[in-house]
Amino acid sequence: MIYILGSIGAGKTSLTKVLSEDMQAPAYYEDVEGNGMIANMLQKFYGAGVESRKRTGAMLQIAFLTFRYQQLKKAVTQENAIMDSSLESDFVMASQLHKHGEIDDVDFNVYVTLSQEMQSNVNGSPWNGFPDLAVYLKIDPDHEIDEIQSRGRDMEDIREKPELVDYYRRVNTAYRDWAKGYTRSSMITIDRDRYDFMHSAADRASVLDQIETKLVDLGKLSPQAFDALQAQHADGPISKFA
Ligand SMILES: Nc1ncnc2c1ncn2[C@@H]1O[C@H](COP(=O)(O)OP(=O)(O)OP(=O)(O)O)[C@@H](O)[C@H]1O
């Protein structure tokens, strides 16, 4: 299993798409628009800044947890399944809400217990329930805000809600801190300020090489399969994303 992690708008969904198409591997997405339960919760969560986060933060995390668990149960049975969000990324989000007093201690305790229970239910499955590789998309906070604005979701818009800037910066910091202490699997960091894997074919090939080289090191991709992918990058089928 491969987890893609990074702060809001870092490009997790895009990278998941690029990598899964390149490797012909199964992909699991957040699917904000397609999942009514999550979409409705997010509208409430973003609705009125700190107040709405306090009111709905804990229940939003339970909603994400439920959805993620449904995905994880399936993903653990597949080789190199790629997840653009995970129990791991949710934990980063839930922890920063707790740290800032938007989820109280009692609710956070329920959340952590439930999350651990879900994790333990998939441990022991074919690929042990934890990822083989975490890919961290590290992005500068100002660049991140540009990306969030340019995707144009009303609920995330800082022109409507300038106070969201603080929230975005806080999440960015939470991911940086998380990356410093992460030990549950191998991890590589992709510099999102340097590589634009959506618009540059050369950057895309470079990012894919970094990830796939690591998968070879981990024994999750054979050298022969890697060679074939390298040739594929040179031929350019992945340029269709440009
Ligand atoms: N556990 C969580 N707690 C709170 N908000 C979350 C959580 N997981 C996701 N979200 C929010 O849900 C929305 C998810 O949208 P989506 O996955 O399309 O984007 P993203 O997480 O910003 O990733 P990407 O890097 O692909 O842009 C974002 O606003 C994100 O902040």
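The backbone N, Cα and C atoms fix where each Cβ goes, glycine too.
TrEMBL entries are annotated by machine, without manual review.
Annotation comment: TrEMBL describes 2-216 as domain 'Deoxynucleoside kinase'.
In the three-state DSSP reading, Lys12 (ATP binding site) counts as helix. TrEMBL lists Gly6, Ser7, Ile8, Gly9, Ala10, Gly11, Lys12, Thr13, Ser14 with the feature ATP binding site.
Cβ neighbour count for Asp84 (active site, proton acceptor) (all protein chains, 10 Å cutoff from its Cβ): 25. Per TrEMBL, the feature active site, proton acceptor maps to Asp84.
Gly6 (ATP binding site) carries a strand DSSP state (E or B). Between the C-alpha atoms of Asp84 (active site, proton acceptor) and Lys12 (ATP binding site), the distance comes to 5 Å. Per-residue pLDDT, averaged across the domain 'Deoxynucleoside kinase' (2-216), gives 93.
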